[in-house]
Amino acid sequence: VSPSSDYASISSGDQSLQRSRRSGDGNRAVVRESRHWHDVFWSAIFVIHLICLGFVLAVLGLNRFRISDRLNIDRYTHGFLENHKGLTEDYWPLYAVAGGIGVFISWIWSLLLGSYANEMMKVSVHILTTYLAVVSVLCFWCRQFFWGGAFAIGALLQFLYVISVIDRLPFTMLVLRKALKLVWGLPKVIMVAHAFTVAMLLWMSLWSFGAAGVVASSMGDEGRWWLLLVLSVSLFWTGAVLCNTVHVIVSGMVFHVLFQCGQEESTSLPPSTLIESLRYAVTTSFGSICYGSLFTAAIRTLRWEIRGFRSKICGNECLLCCVDFLFHLVETLVRFFNKYAYVQIAVYGKGFNRSARDAWELFQSTGVEALVAYDCSGAVLLMGTIFGGLITGSCIGIWAWIKYSDRVIMVASTAMLMGMVLVGLGMVVVESAVTSIYICFAEDPLLIQRWDADFFTEMSEMLHRRLQHRSARAREVLTTA
């Protein structure tokens, strides 16, 4: 039996889950639900958070701008341990350079991915472990033992993860190459990412102004660290919202292109497609994006780590039992928070939780979940994002060490976060194409076949092998039980 016929037999009983149909003239048409506002509460929370935080950032930055304690805030920090006083403009240029480096790395990384996809993805996978180890050694050398230990643990976890998924990398590289091919055929997609990068830079100019004011303040290290932690969580959420907004816009455009394959000779999009995707992303679907951005990244990262660790445990039954418990807990959470929900949001305008459940049920009913679990393209792109952030943090850390040696870790860590957010905005375009490919393959594999027949064959063969592997493992468990 051929892999494609195997796939057809798996999904034949679940055609009611299909969201596409063939009209009377033989053309494909997407069945869209009417667009309603979803998760409005979370969009309101996000907007209120931006307004309030913007005011706080402006106050924190102005208090130390040109005049020490301009707004007389130090009287409220009298109980903290005192340190030497500084000015906002002492540290703001460092953050400005961090933003420039982050944008430069994001654009260069995107260009190199388009030209040298295999090489750049191998760099993402293998060089991150080495770089984390080197940064760990430098932190220990500077007697920053906490950060040295943190980076050492990060290097070890990264090494273990790469070893656990080394056999999956060829298929992952194939999927990423095809996603890059799809993305680079759509110049408007790249323009969207650049436009949102500029928007993120504008917000970061205010964010870094306030962060520089915190670093320059006279309060003790503990107070500054707590303030920077709050600001960093806010920046992470804001960056995730912008990344996932791009995700929704790009997914809608890519899905449209794949549906057009076979109808038109070119994959050119009508001008209204981009405007329509953008309008939905920033209006009716914005609350769902804000809601999903709070949890999705953390849960899927935890899932990658547990999957990699679980695959290497075989002898210790007690440890395996504990890891299995965590694995099933995270798998349950993934049903409600997964990146494939954004494709459903883009195409059908659903709420986040419903989109996540529908995407996961679609994968499980068709068997494509076995293929999604085997693929680690998201992890590879995350490695590139972390590597870009580490380079940004390292460059700013060296400059800060030369000028302000007692503020190195504060400035470098926040600069690293800025770099990760900016590089992540460039990476999300490729990730959106990957998720759209999987959703299309699950809903109607013929869409992928018309777009790229060879790629369809390889995906079908891999799906066939993964389903056989799962069946063999299930029989083994039943036999041993």
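Note that Cβ sites are derived from N, Cα and C of the backbone, with glycine treated the same way.
TrEMBL lists 1-18 with the feature compositional bias 'Polar residues'.
According to TrEMBL, the region 'Disordered' annotation covers 1-23.
What TrEMBL records for 40-62 (among others) is transmembrane segment.
The transmembrane segment annotation in TrEMBL covers 94-117 (among others). Note on the transmembrane segment (94-117): residues 173, 176-177, 180, 184, 190, 193-194, 197, 201, 204-205, 208, 211-212, 384, 388-389, 391-393, 395-396, 399-400, 411, 414-415, 418-423, 425-427, 429-430 of its chain, located 6 or more positions outside it, place their CB under 8 angstroms from a CB of the stretch.
Residues or ranges marked as transmembrane segment by TrEMBL: 123-142 (among others).
Sequence annotations record features per position, and here TrEMBL assigns transmembrane segment to 149-169 (among others).
As annotated by TrEMBL, transmembrane segment applies to 189-214 (among others).
The transmembrane segment annotation in TrEMBL covers 226-259 (among others).
Per TrEMBL, the feature transmembrane segment maps to 279-302 (among others).
Same-chain residues lying 6+ beyond the ends of the transmembrane segment (379-402) with a Cβ under 8 Å from its Cβ atoms: 94-95, 97-98, 101-102, 105-106, 109, 120-121, 123-125, 127-128, 131-132, 135, 142, 158, 161, 165, 169, 172, 176, 301, 304, 408-409, 411-413, 415-424, 427, 430-431. The feature transmembrane segment is assigned by TrEMBL to 379-402 (among others).
Cβ atoms under 8 Å from those of the transmembrane segment (408-430) belong to residues 91, 94-95, 98-99, 101-103, 105-107, 109-110, 113, 142, 144, 147, 176, 179-180, 183, 189-190, 192-193, 196-197, 200-201, 204, 208, 211, 215, 224-225, 228, 231-232, 235-236, 239, 242-244, 246-247, 250, 381-382, 384-386, 388-397, 400-401 of the same chain, restricted to positions at least 6 beyond its ends. The annotation transmembrane segment is assigned in TrEMBL to 408-430 (among others).
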For the transmembrane segment (40-62), what are the same-chain contacts with Cβ under 8 Å, counting residues 6+ beyond its ends? 70-71, 73, 88, 92, 206-207, 209-214, 217, 227, 231, 234, 237-238, 241, 286-288, 290-291, 294
Counting only residues 6 or more past its boundaries, what in the same chain has a CB within less than 8 Å of a CB in the transmembrane segment (189-214)? 54, 56-65, 88-92, 94-96, 98-99, 103, 106-107, 110, 183, 224, 227-228, 231, 234-235, 238-239, 242, 245-246, 249-250, 253-254, 274, 278, 414, 418, 421-422, 425-426, 428-429
